[in-house]
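One structure follows; several queries about it will come next.
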Protein chains: 2
Amino acid sequence: MIEDKTPQRTSLSDLGEFGLIEHLTKNFEITQPSTLKGIGDDAAVLDFKDKKVVVSTDLLIEGVHFDLSYMPLKHLGYKAVVVNVSDIYAMNANPTQITVSVAVSNRFPLEALEELFEGITLAANEYNVDVIGGDTTSSQKGLIISITAIGEADGNEITYRNGAKSNDLLVVTGDIGGAYMGLQVLEREKQVFQVNPNNQPDLDGYAYLIERQLKPEARKDIRTLLHALEIQPTAMIDISDGLSSEIIHLCKQSGVGCNLYEDKLPLDPQLINTCEEFNLDSTTVAINGGEDYELLFTVSMDDFDKIKGNPNFTIIGHMTQESEGIHLITRADTKIQLKARGWNALQQE
Amino acid sequence: MIEDKTPQRTSLSDLGEFGLIEHLTKNFEITQPSTLKGIGDDAAVLDFKDKKVVVSTDLLIEGVHFDLSYMPLKHLGYKAVVVNVSDIYAMNANPTQITVSVAVSNRFPLEALEELFEGITLAANEYNVDVIGGDTTSSQKGLIISITAIGEADGNEITYRNGAKSNDLLVVTGDIGGAYMGLQVLEREKQVFQVNPNNQPDLDGYAYLIERQLKPEARKDIRTLLHALEIQPTAMIDISDGLSSEIIHLCKQSGVGCNLYEDKLPLDPQLINTCEEFNLDSTTVAINGGEDYELLFTVSMDDFDKIKGNPNFTIIGHMTQESEGIHLITRADTKIQLKARGWNALQQE
């Protein structure tokens, strides 16, 4: 048996803009009761009744935000949606719709765009959001994705960045630093591959970290969980740029300080092992590595009993008076001022 | 007196992402009662009470949608907003908010972005929309702008593309074809300039056409006017891709045909003169040239008396049974089938 390994390539210009949009969007179904009209008119029409509306937007550029040499297009489509709905969850709101705009250069065949939209569709189903509009056009270079996410919440549920009070507990969901170390593993394998293209990638033992980088999930469960526990966070943000950067945002907007405890940081064992192998300090990775898409929030001390012991939550510090500053308390009990170095800065170290 | 003609150039990297966003967005004011929270959190928060919400999005790419060699950045920022709010007006809704995402390569200094945002601010003021969010990032090549516009309307006002009925009148606002001819004039001057950079552009006599291309306005007055005249259009769309393309959209979505009358097309005298000079057929330009951002709508025959004689409106045809097809009736009374050649196709003729 001889297999035809030539991948099918259909040129985008064969379809034209309207044909392309129709082809790519035909699988999107409307399931949210707030969506009155989705794709197909000058604009979508939504009805949120007495709910408040929450809106967030992100622009992703090839070579800046993602590298297609190790990011499969389907994963990229999925992640682009995750990044945006994560912002809606960070308001303690429920995502309901997204718009998706894509620009591609001629080097992408139709099949590549289909893969991208397959990932977008998967994520839209997973997070129960309707794709209600967008734009498909050509770019001069590379792939560009712009997603706007829309969500809904009752007015009293919405959680801003500016409500943290001194003595509030600082809580993070899940574990952190994994997405950054996943990227380090992928970068290393890319370099090995560039030296010797016959080399097979060695990704055994890094599965969790790579998944955190290539297929992150937004914490859609937390809103329900907080509701069930009758916890109203005082402030909340999602971890996209890195824990220290997000803590500084919360502190500045709330007018408080913070003590973050190194020994409380939730790290996966695979992260600790891989940091050792790469000769990187796991605390530095955990507080400066970004793209974890976990939620970081503050709660009143009164909620301590509801938070402690819940496997989804880790209390990593507490808020202080603004004048006390923003510090990491190390295992050796020294105080180090937190700086927002974020993702890019760390890579240059 | 010696003038320092060196333009000031501040590198974007001096500011960093957060500093840049803060710098560029500091002039945006919140004026819409529906905006509870604008820029500065994970997402904006809006409250539309019992109104319906209308959402539209567009992605503009340098070299595809605009050419900076004749499009000043301030005009580009203005136009990017206009294009989007025009889609909201085309739903017979009122734009209230926009999000603005921008990606730029390193070749742009801060001052260039400031100019772009000056145009965005001007348009946001003119159309009374709040800038509630966005993203600023670097691109690998060129300038990329993604805008999402949000608007509000009562449920019974919203006008879709699919409500046109046989015998309805087809109405267009303003005049058409001007933006396309403005582009032709600019392209010609660009070519002259490329041959002889000392040549001064000769734009006398083309001011109206060039303004239609470089500083188009969306028809924010039409919604108020229709309301005052107690007219509820049966279907509506804005003219971005060209009249024939938009008529075909209305017909297909409404399941009707159309007779469009060549002698009714509203053409500015400057358009007619310039078409003669360029040896182009003004009807072809009017029906296939895009970017006019006028509104095209259908009304019941009963509204004829309210429409006729109003200088803002021109009745250019009427809808027919679907089986009769979509035709242009020429001055010589011959029937030509309308085809959606739109903007790009026309340029290749």
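Glycine is treated like the rest: Cβ placed from N, Cα and C.
Note: TrEMBL annotation is automatic and uncurated.
Sharing the record's features from TrEMBL:
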DOMAIN    B:40-152  domain 'PurM-like N-terminal'
BINDING   B:Asp42, B:Ser56, B:Asp87  Mg(2+) 4 binding site
BINDING   B:Asp42, B:Asp87, B:Asp238  Mg(2+) 3 binding site
BINDING   B:Thr57, B:Asp58, B:Asp135  Mg(2+) 1 binding site
BINDING   B:Asp58, B:Asp87  Mg(2+) 2 binding site
BINDING   B:His65, B:Glu291, B:Trp343  substrate binding site
BINDING   B:Gly134, B:Asp135, B:Arg161, B:Ser240  ATP binding site
DOMAIN    B:167-298  domain 'PurM-like C-terminal'
BINDING   B:Asp241  Mg(2+) 5 binding site
Which has the fewest other Cβ atoms within 10 Å: B:Asp58, B:Asp87, B:Asp135, the binding-site residues listed?
B:Asp135
Tell me, in order along the sequence, which binding-site residues from B:Asp42, B:His65, B:Asp87, B:Gly134, B:Arg161 have their CA within 10 Å of B:Thr57 (Mg(2+) 1 binding site).
B:Asp87
Using DSSP and collapsing to three states, where does B:Asp58 (Mg(2+) 1 binding site) fall: helix, strand or coil?
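B:Asp58 (Mg(2+) 1 binding site) sits in a strand per DSSP.
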Nearest to B:His65 (substrate binding site) by Cα distance: which of the binding-site residues B:Asp42, B:Ser56, B:Asp135, B:Arg161, B:Asp241 is it?
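Comparing Cα positions, the candidate nearest B:His65 (substrate binding site) turns out to be B:Asp241.
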Rounded to a whole number, how many Å is the Cα of B:Glu291 (substrate binding site) away from the Cα of B:Ser240 (ATP binding site)?
4
Do you see any of the binding-site residues B:Gly134, B:Asp135, B:Arg161, B:Asp238, B:Ser240, B:Asp241 whose C-alpha is within 10 Å of B:Asp87 (Mg(2+) 4 binding site), and which ones?
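Neighbours among binding-site residues, in sequence order: B:Asp238, B:Ser240.
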Looking at the binding-site residues B:Asp42, B:Ser56, B:Asp58, B:Asp135, B:Asp238, which has the shortest Cα distance to B:Arg161 (ATP binding site)?
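Result for B:Arg161 (ATP binding site): the nearest of the binding-site residues is B:Asp238.
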Distance check, please: Cα of B:Asp241 (Mg(2+) 5 binding site) against Cα of B:Asp42 (Mg(2+) 4 binding site), rounded to an integer number of angstrom.
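Here the two Cα atoms are 35 Å apart.
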Provide the number of Cβ atoms within 10 Å of the Cβ of B:His65 (substrate binding site), excluding the reference atom itself.
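A count of 20.
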Looking only at C-alpha atoms, tell me how far B:Ser240 (ATP binding site) is from B:Asp58 (Mg(2+) 1 binding site), rounded to the nearest Å.
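B:Ser240 (ATP binding site) and B:Asp58 (Mg(2+) 1 binding site) have their Cα atoms 12 Å apart.
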Among B:Asp42, B:Ser56, B:Asp238, these being the binding-site residues, pick the one whose CA is nearest to that of B:Gly134 (ATP binding site).
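Of the binding-site residues B:Asp42, B:Ser56, B:Asp238, B:Asp42 has its Cα closest to that of B:Gly134 (ATP binding site).
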List those binding-site residues among B:Asp42, B:Ser56, B:Thr57, B:Asp135, B:Asp238, B:Glu291 whose Cβ lies under 8 Å from any Cβ of chain A, in sequence order, or write 'none' if there are none.
B:Asp42, B:Ser56, B:Thr57, B:Asp135, B:Asp238
Where's the emptiest Cβ shell within 10 Å among the binding-site residues B:Thr57, B:Ser240?
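So among B:Thr57, B:Ser240, the binding-site residues given, the one with the fewest Cβ atoms within 10 Å is B:Ser240.
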Taking only the Cα atoms, work out how far B:Ser56 (Mg(2+) 4 binding site) lies from B:Asp135 (Mg(2+) 1 binding site), in Å, as a whole number.
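Between the alpha carbons of B:Ser56 (Mg(2+) 4 binding site) and B:Asp135 (Mg(2+) 1 binding site) there are 17 Å.
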Just give the helix, strand and coil counts over the domain 'PurM-like C-terminal' (B:167-298), going by DSSP.
66 helix, 19 strand, 47 coil
Counting only residues 6+ away in sequence within the same chain, which have a CB under 8 Å from the CB of B:Asp238 (Mg(2+) 3 binding site)?
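Those within reach of B:Asp238 (Mg(2+) 3 binding site), by Cβ under 8 Å and sequence separation of 6 or more, are B:Ser86, B:Asp87, B:Tyr89, B:Ala90, B:Ala218, B:Arg219, B:Glu246, B:Tyr293, B:Glu294, B:Leu295, B:Leu296.
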Check the binding-site residues B:Asp42, B:Ser56, B:Arg161, B:Glu291 for other C-beta atoms within 10 angstroms of each C-beta and report the one with the most.
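For the binding-site residues B:Asp42, B:Ser56, B:Arg161, B:Glu291, the Cβ with the most other Cβ atoms within 10 Å is B:Ser56.
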